[in-house]
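Below is one structure, written out as structure tokens, with a few remarks after it.
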């Protein structure tokens, strides 16, 4: 733990130094006392031009809530916690159902991951568990006392007409399908998600503690073979987001202020049944987000689960764009839903609109150089702080995903450079996804391919 604390202190020092240097580089902090040339925007750009430039600058501030949560989450809590230690015997843990939801398009992937995850659970010492695969198409998993395959009938309809993953998840909760008791726990995984020893220990600690009904932990994307380096490096931001914003909102507030992800979700059965996945069309695209907001609205509490799980980033840029497009469309449907009071989705809405206005706010990069405008010093500091935190999150994501002891100093440095180099491309992709998501049809669910095809030599 001492080594982890030392690494955390070094990370904090690097983080704060990076922010300061970025502010100096951006001109928000002036070290040489030179006075800036002041431009009169009203005279240079006219009334309408000046108003547009200031509005675009102010749009940047929409990201402040999540940037602050990421900042404090990465500073306050140990970013290198080390190995998760069990706080009790696995034999005394309540029953856990590891539930994998799939359309059934990648049966080999599902079968392989079920076997691998089950062996890992047994290796940790778990006894009270099963793995349940919920699928639209039969996969024909090998018979095993710890494995259950549930095929969702094509004719099944929920009361509100929920579709896609929500429909499958709700089917599992039907009285004639569910075999779990109210005090049991469910761990929701995507078909490609792999457990680790740390995550299993973290889940056991979480359910044995039993203080909170819902939990979620860290997912990393740079494990074992990497299919697409570009998307994997771009996803380093998501790793930092889990360690920052996700931890902060759960450790401090125990509420999903900014929602959560759809995998590595731990729920108590009674609470899940009361919240329900039967949320109509608006709750079917980003079912995880809608569910979190409903649970928040109903007064349930959340906490962060220690230990990481493994997934893979999208294999192609097309899948990467489609994934982001579905997220923005689904979250927009949740934000605009009349079923969820604004008080419970306020931070989600601010975060969502900071994403929706990304094409406008990113234009500041060009406009600041071409059309400079005088701003209060605190506004320059805030904008610089936002930019510094967001850029550092790519660096931190690489540090967590590509540890130096695994790859060596040279590759580690190249990975950081690679992640920073992906930022412009990632911004372009996010802008495309936002525009497409806002203008396109929203009630669709794109399935990202996560099955690695091994070449066959004939």
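A Cβ is built for glycine as well, from the same backbone N, Cα and C atoms used for every other residue.
Per TrEMBL, these features apply:
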| type | residues | note |
| --- | --- | --- |
| DOMAIN | 185-396 | domain 'Glycosyltransferase 2-like' |
| TRANSMEM | 12-31 | transmembrane segment |
| TRANSMEM | 51-77 | transmembrane segment |
| TRANSMEM | 346-366 | transmembrane segment |
| TRANSMEM | 378-400 | transmembrane segment |
| TRANSMEM | 412-439 | transmembrane segment |
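Comparing 12-31, 346-366, 378-400, 412-439 for CB pairs under 8 angstroms to the transmembrane segment (51-77), the maximum falls on 346-366. Among residues of the same chain six or more beyond the transmembrane segment (12-31), those with a C-beta under 8 A of the stretch's C-beta atoms are 74-75, 377, 380-381, 383-385, 387-389, 391-392, 395-396. Residues 229-230, 233-234, 236-237, 317, 320-321, 324-329, 332, 355-356, 358-359, 362, 391, 394-395, 397-399, 401-404 of the same chain lie 6 or more positions beyond the ends of the transmembrane segment (412-439) yet place their CB under 8 Å from a CB of it.
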